[in-house]
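K.L.:
I grabbed these lines from TrEMBL:
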- 58-260: domain 'ABC transmembrane type-1' (DOMAIN)
- 329-534: domain 'ABC transmembrane type-1' (DOMAIN)
- 15-36: transmembrane segment (TRANSMEM)
- 56-81: transmembrane segment (TRANSMEM)
- 93-114: transmembrane segment (TRANSMEM)
- 142-161: transmembrane segment (TRANSMEM)
- 198-221: transmembrane segment (TRANSMEM)
- 241-259: transmembrane segment (TRANSMEM)
- 288-313: transmembrane segment (TRANSMEM)
- 333-350: transmembrane segment (TRANSMEM)
- 371-391: transmembrane segment (TRANSMEM)
- 411-433: transmembrane segment (TRANSMEM)
- 459-483: transmembrane segment (TRANSMEM)
- 513-534: transmembrane segment (TRANSMEM)
Amino acid sequence: MEIVRMIKRFKRCDAPLIFTFVCLALVIFPIIYIFFGIFNQTNESTEFLFKTQLKFYIKNSFIILFFTGIFTGIIGTFLAYFETFYEYKFKNFFKFTLILPFAIPSYLFGYIYVDFFSYSGWLVTFLRQNFDIRVHFDIMNIYGAIFVLTLAFYPYVYIILRGFLKRFPQNYIEASQNLGCTQVKTFFKVILPLSKPAIISGMTLCLMECLNAYGVPNYFGLHVFSTGIYKAWVGYGDLNAAIKLASILLFLVFFIIIIQKLLQKPYAITVTKRQKIRAKKLSKKSEIIVVCLIFLFLLVALFLPLLHIFIWLYQSYSDINLISLFNLSKNTILLTTFSAMLIVVFSLFINESLRLKEGKIKEIATSFANIGYSIPGSVVGISMLAIFINIDKSMQWLYRLLEVKATLFLTLSPLVLVFAYMIRFLSLGYMGVQNSLNQQGKKYYEASLSLGKGKLKTFFLVDLPMIKPAILSSFILVFIEIIKELPLSSLLTPPNLKTLAFEMDRYASDEQLALSAAPAIVVVGISLALLVILNKLKDK
């Protein structure tokens with residue numbers, strides 16, 4: 001009887017909500033663990049690393065953040081503005097292709113352009129052999145890194161701002177023009193100020209991705225936080241130094257978030273009747289300039305990188321081990337699919353447990369679910385290592401009892417990598433599902449409950465059919481992010497489970513760039529196909 005009463009009390013306490021917060025607590029615990037890592041005792045090797053390298057980590061990180069943020073903001077704003085407010089040739093083609101660079105990992109951009117501009121690269125070779133023009137481009141420096149990261153991350157600003165400008169009131173444009181403002185003045189006085197929150201959101205995501213980037217700085221030999229954390233652990237075996245660097249990087253992330261909140265003042269666009277934006281036809285001269293600029297940018301950001309991958313493939317096809325590539329692709333796809341499905345299922349569970357909740361409870365849960373995407377992979381990775389190494393140490397008695405030979409049984413298992421993916425990308429799944437549920441409203445959900453259907457039946461009969469496109473979209477976004485992810489793969493991939501991203505990084509480290517073509521084709525090919533599907537879903 002006592003057990004029955006306990007079960008009834010547990011039900012009254014809203015068990016799904018309690019379970020949701022327990023799971024979210026597990027998600028943010030590694031972040032809290034790193035946050036307090038700044039107070040760990042400092043040993044000699046940590047002090048030496050901080051005295052000699054920390055200033056370079058801070059300086060280089062801020063230079064990359066500042067210039068990449070500025071360039072992605074300018075490029076993303078230019079592309080989104082002209083796409084929304086003007087008509088020109090090939091507009092639909094550009095609209096589709098401008099999101100495709102999102103499928104190419106930033107580190108792959110780095111490998112491609114280093115090889116492209118190298119002495120043996122096909123551009124430099126062509127100029128030397130055919131025109132006797134001898135040029136030398138060295139982009140393996142901080143300026144080259146900014147160039148590469150700008151190409152990789154501009155879609156964040158472009159996509160977010162494009163979505164915002166689609167809902168921009170035509171009334172504001174007409175009012176500005178009626179007051180005698182030119183198109184240029186309307187852009188700077190009306191459109192740009194009201195678009196500031198969307199631009200800042202996109203730029204903030206770019207900055208977070210810059211802090212997360214490991215492959216580009218590592219290959220370019222730059223001293224930044226992500227490479228410093230990896231070097232402290234893998235190079236020196238100093239977990240304490242890695243944790244301290246991760247905690248400093250975490251403070252930098254929080255600083256950026258605070259700046260974002262201060263810049264994004266509360267605003268609202270209020271109109272009685274919102275008219276759809278009427279795109280204007282560009283003049284012939286302006287149209288030629290805009291089309292040429294966009295095409296040149298796409299040439300650099302998409303067409304040349306794809307062409308270069310195929311050139312690598314042609315150069316290395318005889319050295320490709322198809323069985324090894326198949327096994328590598330299979331392991332990566334299975335791991336990525338499982339992780340993405342787990343994230344989407346967990347996102348559904350959280351949103352359903354909060355379906356009828358309002359106020360602080362929902363705000364706290366949303367904050368917990370979203371925090372991981374702003375945390376660099378190197379921070380999440382080193383946190384996972386520190387926590388699971390300690391768990392393994394405390395479980396040695398059990399391992400001996402069960403005759404488990406591995407002393408780091410959990411640390412070297414795929415479980416750690418999947419858990420890290422959950423922390424890092426839960427926000428993508430959660431926000432996709434939440435936005436769709438908010439659009440559907442609660443009337444159908446509440447009507448089903450009032451007809452005597454339970455929450456579980458209501459979910460499967462009402463909510464699930466209506467949000468299927470959002471679930472698929474969330475899965476695709478999470479899948480693409482995971483399959484491209486390198487910092488977590490570099491730190492947490494078990495010895496017997498290599499990923500495609502890890503393999504590309506290994507080939508680059510061994511200066512065998514052409515051999516990275518095969519795994520690159522798989523990653524980029526899958527990501528491009530999924531982006532096409534995602535684009536179709538958005539158009540419906």
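Here the Cβ of each residue, glycine as well, is placed from N, Cα and C on the backbone.
Map the listed features onto the structure and describe their local environment.
P.N.:
Same-chain residues lying 6+ beyond the ends of the transmembrane segment (56-81) with a Cβ under 8 Å from its Cβ atoms: 98, 142, 145-146, 149-150, 153-158, 160-162, 165, 187, 191-192, 195, 199, 202-203, 206-207, 210-211, 217, 222-225, 228, 245, 252, 256, 294, 297.
When Cβ-Cβ distances below 8 Å are used as the criterion, the transmembrane segment (93-114) is approached by residues 79, 83, 139-140, 144-145, 147-149, 151-155, 158-159, 209, 213-216, 219-220, 294-295, 298, 301-302, 304-305, 308-309, 480, 484, 486, 501, 504-505, 508, 513, 516, 520, 523-524, 527-528, 530-531, 535 of the same chain, each at least six residues removed from its ends.
If you look at the transmembrane segment (142-161), the same-chain residues 6 or more away from its ends with a CB under 8 A from one of its CBs are 60, 63-64, 67-68, 71-73, 75-77, 79-81, 98-99, 101-102, 104-106, 109-110, 113-114, 195, 198-199, 201-203, 205-206, 209-210, 213, 216-217, 220, 222, 300-301.
Beyond its flanks by at least six residues, the transmembrane segment (288-313) meets 75, 79, 82, 86, 88-90, 94, 97-98, 100-101, 104, 108-109, 112-113, 115-116, 122, 151, 154, 282, 513-518, 520-521, 524 of its own chain at Cβ-Cβ distances under 8 Å.
Packing against the transmembrane segment (371-391) from elsewhere in the chain are residues 27-31, 33-34, 37, 208, 211-212, 214, 225-226, 229-230, 233, 239, 242-243, 246, 249-250, 253, 257, 408, 410-411, 416, 419-420, 422-428, 485-488, 490-492: each is 6 or more residues past its ends and has a CB under 8 Å from a CB in it.
Below 8 angstroms of C-beta separation, residues 27, 30-31, 335, 338-340, 342-344, 346-348, 350-351, 366, 369-373, 375, 377, 380-381, 384-385, 388-389, 391-392, 467, 470-471, 473-475, 477-478, 481-482, 485, 488-489, 492-495, 497 of the same chain, each at least six residues beyond the ends of the transmembrane segment (411-433), sit close to that stretch.
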K.L.:
Answer with yes or no whether the transmembrane segment (241-259) touches the transmembrane segment (198-221) by the criterion of at least three Cβ pairs under 8 A, sequence separation 6 or more.
P.N.:
yes
